[in-house]
Amino acid sequence: MSRMAEQQLYIHGGYTSATSGRTFETINPANGNVLATVQAAGREDVDRAVKSAQQGQKIWAAMTAMERSRILRRAVDILRERNDELAKLETLDTGKAYSETSTVDIVTGADVLEYYAGLIPALEGSQIPLRETSFVYTRREPLGVVAGIGAWNYPIQIALWKSAPALAAGNAMIFKPSEVTPLTALKLAEIYSEAGLPDGVFNVLPGVGAETGQYLTDHPGIAKVSFTGGVASGKKVMANSAASSLKEVTMELGGKSPLIVFDDADLDLAADIAMMANFFSSGQVCTNGTRVFVPTKCKAAFEQKVLARVERIRAGDVFDPQTNFGPLVSFPHRDNVLRYIAKGKEEGARVLCGGNVLKGDSFDNGAWVAPTVFTDCSDDMTIVREEIFGPVMSILTYESEDEVIRRANDTDYGLAAGIVTADLNRAHRVIHQLEAGICWINTWGESPAEIPVGGYKHSGIGRENGVMTLQSYTQVKSIQVEMAKFQSIF
């Protein structure tokens with residue numbers, strides 16, 4: 001693909017040049033080619049976007065629920081019509097296999113938008129009787145202008161997960177995509193405008209997180225920030241948001257999730273789940289189950305089943321429909337994952353497979369890392385304690401149910417957890433004791449629109465998706481009505 005034209009900001013229904021004068025490049029991680037130069041939003045651009053959003057939000061919030069619903073449904077239709085086109089762009093920008101982006105990324109994002117478009121008319125207040133002459137009613141009102149700050153692993157899906165409930169509740173959103181993968185968020189802005197969204201209701205500001213992101217979290221005109229990313233960055237976003245104007249926040253942060261295989265489990269099923277929980281999207285999924293606990297007596301058999309499945313991974317041309325494994329999103333991220341792999345070897349974990357970059361004509365110019373499985377791991381190893389965000393599985397053994405529950409919970413993270421067992425009683429008993437916000441029994445990874453997604457502990461604050469997320473983009477106003485004569489004590 002030839003280099004794209006320089007990408008601008010999207011403010012008030014159209015493209016506009018950044019006033020900062022700064023740019024950055026976005027690359028295709030499969031081959032290292034530059035896709036485009038992208039303009040970076042500065043402080044003045046954030047001010048412009050906030051002013052635009054304030055104007056557009058008043059128009060948007062004044063529309064009826066059905067009017068807003070119809071516009072968002074039109075956007076859903078356009079997304080589905082352009083699924084393949086958007087998936088190709090997402091593959092170029094992220095390196096993910098087209099077989100994945102064409103069936104997951106845009107599809108699941110559109111599903112969430114459709115879900116919230118349908119919920120808009122159901123956003124209701126309540127009526128509370130006090131006595132014969134007085135009652136209270138409540139209204140759910142939009143917050144105003146909110147900001148979304150996205151991660152690089154699911155660019156358009158995250159943009160939709162954040163914008164769908166925000167817009168459905170009557171807010172305007174300023175979205176900052178990751179500087180690593182900024183392209184499809186700009187296309188989403190075009191689609192929203194084409195669907196009839198008033199100018200300013202969805203503005204997109206590409207830029208570096210430490211600058212553009214901080215300007216957004218500092219800005220007094222923004223009522224809430226929804227952030228997806230790492231824990232360290234999330235803490236900074238939360239601190240800035242609170243220090244500037246006590247903004248509300250939603251944080252979807254990192255994870256080091258446990259997958260527990262019990263001794264009665266079907267090991268073929270367990271191996272299939274472990275593969276999806278570690279190597280889907282080349283391991284760049286926040287909910288990945290990278291700590292795989294297996295009974296000591298099942299370890300050898302489980303390892304062989306995993307190795308057999310690793311052999312079936314197909315890396316290569318990301319547009320080949322048979323390819324199911326792509327490069328990592330960038331060269332700096334590849335190097336970071338390789339440092340973790342080296343640390344695992346240094347600390348005594350045994351490499352079952354991988355542990356290196358992929359080599360050959362298809363791989364030499366890209367950010368490729370081989371699917372890697374470590375075994376003989378212990379809880380104190382760096383690869384077991386810290387989020388790697390790459391195709392690296394760690395296998396650990398255990399002896400008892402109580403032991404594995406304790407060890408599974410021995411982490412600062414609490415995003416996801418899963419178990420594989422044939423015993424339904426044990427399934428629920430154990431899941432109820434695991435400290436994680438998203439849990440799976442005999443499956444892994446599905447996050448449909450109806451399910452609240454978020455973590456315990458350092459893995460986040462608040463939830464995305466589900467009814468409660470729509471409500472989190474509103475503020476409740478209570479109004480008392482008195483029909484009797486008011487009595488003053490003065």
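Just so it is clear, glycine is given a Cβ too, placed from its N, Cα and C backbone atoms.
According to Swiss-Prot, the feature active site, charge relay system maps to K162 (among others). According to DSSP, K162 (active site, charge relay system) is assigned to a helical segment.
Positions annotated as active site, proton acceptor by Swiss-Prot, on the basis of sequence analysis: E252. Around E252 (active site, proton acceptor), a 10 Å sphere centred on its CB holds 27 further CB atoms from the protein chains shown. Mapped onto three states, the DSSP output places E252 (active site, proton acceptor) in strand.
Same-chain residues at least 6 positions away in sequence with a Cβ under 8 Å from that of C286 (active site, nucleophile) are, in sequence order, A151, N153, T228, E252, L253, G254, G255, F389, L415. Taken from Swiss-Prot, the feature active site, nucleophile covers C286, and the record attributes it to sequence analysis.
Around the Cβ of E464 (active site, charge relay system), the same chain contributes W161, K162, P165, S226, T250, E252, P452, V453, G454, each under 8 angstroms and 6 or more positions distant in sequence. Under the DSSP three-state reduction, E464 (active site, charge relay system) is assigned to strand. Annotated active site, charge relay system per Swiss-Prot: E464 (among others), in sequence order, evidence recorded as sequence analysis.
Sequence-distant contacts (6 or more apart, same chain, Cβ under 8 Å) of I27 (K(+) 1 binding site) comprise N33, V34, L35, S330, F331. Annotation comment: Swiss-Prot describes T26, I27, D93, V180 as K(+) 1 binding site.
Using a 10 Å Cβ-Cβ cutoff, E179 (NAD(+) binding site) registers 21 neighbours. Summarising the annotation, Swiss-Prot assigns NAD(+) binding site to G150, A151, W152, K176, P177, S178, E179, G230, V231, A232, S233, G254, C286, E387.
What Swiss-Prot lists as K(+) 2 binding site is L246, K457, G460. K457 (K(+) 2 binding site) carries a strand DSSP state (E or B).
The DSSP secondary structure for C286 (active site, nucleophile) is coil. Taken from Swiss-Prot, the feature cysteine sulfenic acid (-SOH) covers C286, and the record attributes it to sequence analysis.
Taken from Swiss-Prot, the feature site 'Seems to be a necessary countercharge to the potassium cations' applies to E248, supported by sequence analysis.
In this structure the residues listed as binding NAD(+) are G150, A151, W152, K176, P177, S178, E179, G230, V231, A232, S233, G254, C286, E387; their two most distant Cα atoms lie 23 Å apart. Comparing E248 (site 'Seems to be a necessary countercharge to the potassium cations') with G460 (K(+) 2 binding site), their Cα atoms are 13 Å apart once rounded. The CA atom of W152 (NAD(+) binding site) is located 27 Å away from the CA atom of L246 (K(+) 2 binding site). The Cβ of K457 (K(+) 2 binding site) lies under 8 Å from the Cβ of T411, D412, Y413, G414, E435, each on the same chain and at least six residues away in sequence.
In terms of Cα spacing, the binding-site residues T26, D93, V180, L246 all stay beyond 10 Å of V231 (NAD(+) binding site). Taking the Cβ of D93 (K(+) 1 binding site) as centre and 10 Å as the limit, one finds 26 other Cβ atoms among all the protein chains shown. Closest to S233 (NAD(+) binding site) by Cα-Cα distance, out of the binding-site residues T26, D93, V180, L246, is V180. Between the binding-site residues T26, L246, the minimum number of other C-beta atoms within 10 Å of a residue's C-beta occurs at L246.
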